[in-house]
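Peer 1: What TrEMBL records for this protein is below:
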- Cys72: active site, proton donor/acceptor (ACT_SITE)
- Cys181: active site, proton donor/acceptor (ACT_SITE)
- Asp9, Ser10, Tyr41, Gly42, Thr182, His183: substrate binding site (BINDING)
Amino acid sequence: MHNPIGIFDSGVGGLTVARAIKDLLPNESLYYIGDTANLPYGEKSTEQIQAYVKEIGDVLLKQGCKVIVIACSTATAAAAEVLKDYIGDHIPVLNVIDPVIAYVRQHYMGKTLGLIGTQYTVNTTTYVQKLEASQANINLKCLATPLLVPMIEADQYEKAILQGYLSEPILTDIKGLILGCTHYWLIKEQIIDYYQAKIEIINGAQLLAIHLQKMLLDRNINNSMSNSSKDYFTATKHTVGFESVTKRVFGEKVHTISLS
């Protein structure tokens, strides 16, 4: 099935998900939307995020996407179920949180994990609720790190900001760290260096890609033809940072679109 996989995020963070999907499923075409006109989602209300997500869903449906991937923890927390209800049974909707919950339940039962994420993701306690529902008996220590998204969107790295967050007392004595925002996966190597590779930095992008691969095969909607894929990257507002990161991660140009 040649229809593209639709992927969206508030900005550049979801490109890490797109890259993981492309590496695992090179035959699949991707249609990516970075909602740069409305970022950061972490500072928006639930109602605002849900409205943005519905508009993005409309665009991806018009593009004929065979599956929609919410490559944003904040959008997942605010609007995953809303988007599923809005789209109905037309196409499946995947998110970045559920594969992480399944992974840590299998590998960290009864242990203590840390999580860094946007203010919205931490405040809504979505990860905590999903872990409790899974009966994983995991002690999750959550820290909001709101300065990281603007830094990463600008395609910059400031060591002092990151280390200031990671050195917070709440993140002591953890066995692994969940990056609860896809933007943070763009500075994963710096986070690994901080912990000197002593704990696992849990990569939700790869976990989601594996989950997507299984779903495509189970539904028989994977594209088995090689050299037939075509990727398209869009943003709702042109930014130098988004263009720079897209070129670095994919070597592709960015097209500006409007959601309305």
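Note: Cβ is positioned from N, Cα and C throughout, glycine not excepted.
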Peer 1: Whole-number answer please: how many Å between the C-alpha atoms of Cys72 (active site, proton donor/acceptor) and Gly42 (substrate binding site)?
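Peer 2: Cys72 (active site, proton donor/acceptor) and Gly42 (substrate binding site) have their Cα atoms 10 Å apart.
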Peer 1: Quick one: largest C-alpha distance among Asp9, Ser10, Tyr41, Gly42, Thr182, His183, binding substrate per the record, in angstrom?
Peer 2: 12
Peer 1: Name them in sequence order: residues not among Asp9, Ser10, Tyr41, Gly42, Thr182, His183 whose Cβ is within 8 Å of the mean position of the Cβ atoms defining the substrate site.
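Peer 2: Close Cβ neighbours, site residues excluded: Gly11, Gly13, Gly14, Leu39, Pro40, Cys72, Ser73, Thr74, Ala75, Thr118, Val149, Cys181.
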Peer 1: How big is the Cα-to-Cα gap, in Å, between Asp9 (substrate binding site) and Cys181 (active site, proton donor/acceptor)?
Peer 2: 10
Peer 1: Counting other Cβ atoms within 10 Å of each Cβ, which of the active-site residues Cys72, Cys181 scores lowest?
Peer 2: Cys181
Peer 1: May I ask which residues of the same chain, at least 6 positions away in sequence, place their Cβ under 8 angstroms from the Cβ of Tyr41 (substrate binding site)?
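Peer 2: Within the chain, Tyr41 (substrate binding site) has Cβ neighbours under 8 Å at Ser10, Asp35, Ile49, Tyr52, Cys72, Thr74, Ala75, Ala78, Thr118, Tyr120.
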